[in-house]
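Some features that TrEMBL has for this protein:
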- 1-59: region 'Disordered' (REGION)
- 1-22: compositional bias 'Basic and acidic residues' (COMPBIAS)
- 26-37: compositional bias 'Low complexity' (COMPBIAS)
- 126-134: motif ''HIGH' region' (MOTIF)
- 519-550: coiled coil (COILED)
Amino acid sequence: MTRDDSDPRETDGKTRTDDEGARQASPDGSPESGDSGTDQALPDGGASAEGADDVALDPWGSSTISDYRKLFEEFGIEEFDEVLPEVPNPHYLMRRGVIFGHRDYTPVADAMREGDDFAVLSGFMPTGDPHIGHKLVFDEIIWHQRQGGDAYGLIADLEAHSARGLSWEEIDEHARDYVLSLLALGFDPEEGELYRQSDNRTLQELAFELGSKANFSEFQGIYGFDGETNVSHMQSVVTQMADILYPQLEEPKPTVIPVGPDQDPHVRFARDLAARMRFFKVTEAYASFELTDAERSIVAAAYEAREEFAEDPEMPRCGEAAEWVADVDVSELDVDVTVETAVESVVEKLENAGMEPLRPRVRFLDANATEEAFEALIESVEGEKRRYEEHIDAFDLSASEAEELAREVELQNGGYGFLPPSSIYHRFMTGLTGGKMSSSIPASHISLLDDPQEGFDKVKSATTGGRETAEKQRELGGKADECPVYELYAYLLSGDDDEFAKRVYDECVGGERLCGGCKEQAAILMEEFLEEHQEKREEAEAMLEEMDISLESDRRGVAPGDD
Ligand code: TRP
Ligand code: SF4
């Protein structure tokens, strides 16, 4: 997994390894001498394994993620490494495995490569100062903007007020800081859009429409809401659903939502709602009855084998196919073994259809279409077609042509035509004091507003993955995989310079690098970063004036308690 294939540009002052004063390895490392391996990519769970809980994904909880692998197995998040080769000039957070997972990122990567429209959007709850964990997301938005995406950043003030109990005053103060840092890091406000949830009327209209497709029991199931949950909190959820689909209001387009994995429930729900809003559902069928995906793969295999069982292979009958499926050894077919369980239901469906011909077709099911939209669709289907009460079968269209047509007709008839939004997930940073990086523990994180000297000091007093003595460190090497300081290098301080990050890693695990000097170097880089960032924030102040984001809300009202 070692990724050192970057272009070796920009090695300026950062490449020095000043080990002066590095006589003494940090005494605060873990005493066990576990084998830390030589894999430079980040370990599962970083150094946060201690006391970590399980993987329940709760957007308002405080859970750390102890085992990223479970996210793949239990929640169906896919590994980012698998799409990495499709991404042009991947960001260093992608190359280094900090961005570890995704949902459906391929359409975004395709659009990027082909110069098609796509968008990126993420949101920030203004509950405290923006810190280096938020910087990951800022960078992800900005990178996608530079790749040609329409970029959106939003202040989740309704959520902060209703779910976290912040007053409007506190929210205003923090909102400004998020916007300034995003601008300072390179967000282009002329090309992109920044907004607050509370004063975006278009967003609220969309939220209202989406709310009509969601119900309370889903809120219970997904978020654990109950009879005590305040209603504004629920409104903030449909608002977030609207945020996620907002970039597609002008026109449907692949959209990526860069977030931490705790936000995955929101992403899944938004993908669901996007589908529920569609006028038509396009499926593939072989006869009048509907099929599940598993059933369909069996029927497809039967159709392919029609020469074997049909009296007239030009017109195989469902009944004939039923017999064939009942007799065939499914494990011999080119279908997933997990579909074997579908055999029985397939046989039944085929038997019931009897003499009906078995014939592939695409089907447009009427999900939400108006009468006019349904009529318009029938009109525009080319080739042979058959119309039913609630669906249309088309015999000369491919599935993708049918998808495209369905979207077109929907858009022309007052629908949204949403594509399911995609997401990418980054690892949470380990706190500088070990454990979780948390806004409420100042020493655990570095705020983007911290005085540079304070940033320097926090790095200097950080926990490390070092051995108890310098001697041991030379002998055994440090545990970079469990070191919050190494994380700082990998996530932030090395910037785009993979070689530098790799060198720090190799020197650490090889025992050449001692924690004192390593922290000193990191502290200097952090100080420089903060100095520069804060200068840029000042420059960004001027931009703020020109933008039409309101940083003073005239809202009134006491925040509800935190739920
Ligand atoms: N819920 C997010 C958080 O807790 C903030 C947020 C609101 C958001 N709307 C969004 C994130 C849309 C991504 C996309 O930080
Ligand atoms: Fe020590 Fe640096 Fe290695 Fe961390 S990365 S264990 S601070 S030498």
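Using N, Cα and C of the backbone, Cβ positions are placed for all residues, glycine too.
Note that the structure is a prediction, hence the values are computed from the model and not measured.
Within the chain carrying the motif ''HIGH' region' (126-134), a Cβ under 8 angstroms from the stretch's Cβ atoms is held by residues 155-157, 160, 164, 166, 170-171, 173-175, 177-178, 181, 428-429, 437, 439-440, 445-449, 488, 491-492, all 6 or more beyond its ends.
Mapped onto DSSP classes, the motif ''HIGH' region' (126-134) shows 3 helix, 1 strand, 5 coil. Over the motif ''HIGH' region' (126-134), the average per-residue pLDDT in this prediction is 95.
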